[in-house]
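> Per TrEMBL, the feature domain 'Peptidase S54 rhomboid' maps to 74-208. As annotated by TrEMBL, region 'Disordered' applies to 1-25. According to TrEMBL, the transmembrane segment annotation covers 40-67, 87-105, 112-132, 138-158, 165-183, 189-210.
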Amino acid sequence: MSEYNPFDEYGSYASPHRTRRDGTVVNGPSARVGTGIGLAFGYVATIWMVHIINFGVFGGALNAFGVHPLDLASLWHIFTSPLLHGSWAHLWANTVPGAIFCFLIGLSGARVFWEVTAISCVLGGLGTWFFGGVGTTHIGASGLIYGWLAYLIIRGIFNRSLVQVVLGVVLAFVYGGLVWGVFPVEAGVSWQGHLFGAIGGIVSGAVITSDDPPALKARREQKRLQR
């Protein structure tokens with residue numbers, strides 16, 4: 001019986017290669033980098049276009065589509081609030097880190113990115129809707145950003161990727177100051193969105209398996225068959 005090394009064959013950051021029948025690699029390194037760049041660009045273009053339309057055409061009226069806690073009629077706003085920002089400074093603050101995290105998650109594939117985004121959006125939005133405070137409005141992509149960051153920090157623990165573990169440590173060091181954003185220390189900041197967005201990212205890291213290395217998938221399948 002061979003000794004099991006938890007990081008054996010798990011050094012790759014991105015998801016395993018897929019090939020066509022002729023052997024052509026369809027998601028090699030260059031393709032994954034392209035996916036990451038595309039997602040980052042799409043994120044930036046979307047939030048900036050929405051902001052320009054919101055204030056240039058509607059005078060900021062679209063911010064009414066933010067999350068209104070415990071207002072059942074606007075529950076679906078959990079899907080629109082991340083696209084809205086209260087000012088250019090608010091928009092810019094969410095542009096750079098959001099683009100970086102989109103790119104990094106995109107290296108694991110578009111499917112992984114959308115899975116993480118969906119879970120973080122739903123859990124972050126619902127948490128804000130329940131606990132955000134009646135009579136308030138919550139807007140901004142920061143809940144998603146906290147979800148993406150939390151996912152990137154803890155993902156390597158669950159998929160046994162040494163590269164992702166190292167990346168998580170680096171990101172935790174660089175963006176560690178954001179941890180204060182999950183506490184009610186600054187008026188006017190949706191700490192509830194940050195907190196529950198981060199919880200969504202942690203849940204994503206634990207449950208998403210579409211980017212697991214083949215060796216890890218095989219080991220899990222072997223354990224399942226042995227039960």
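Including glycine, each Cβ sits where the backbone N, Cα and C put it.
Bear in mind that TrEMBL entries carry predicted annotations, made automatically and left uncurated.
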> Across the domain 'Peptidase S54 rhomboid' (74-208), what does the pLDDT come to on average, as a whole number?
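Mean pLDDT, the domain 'Peptidase S54 rhomboid' (74-208): 95.
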> Who are the long-range neighbours of the transmembrane segment (112-132) in its own chain, taking Cβ under 8 Å and residues 6 or more past its ends?
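Answer is 15, 35, 39, 67-70, 75, 77-79, 81-82, 102, 105-106, 138, 143-144, 146-148, 151, 190, 192-193, 195-201, 203-204, 207-208, 210-211.
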> Would you mind splitting the domain 'Peptidase S54 rhomboid' (74-208) into helix, strand and coil residue counts from DSSP?
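Per DSSP, the residues of the domain 'Peptidase S54 rhomboid' (74-208) fall into 105 helix, 1 strand, 29 coil.
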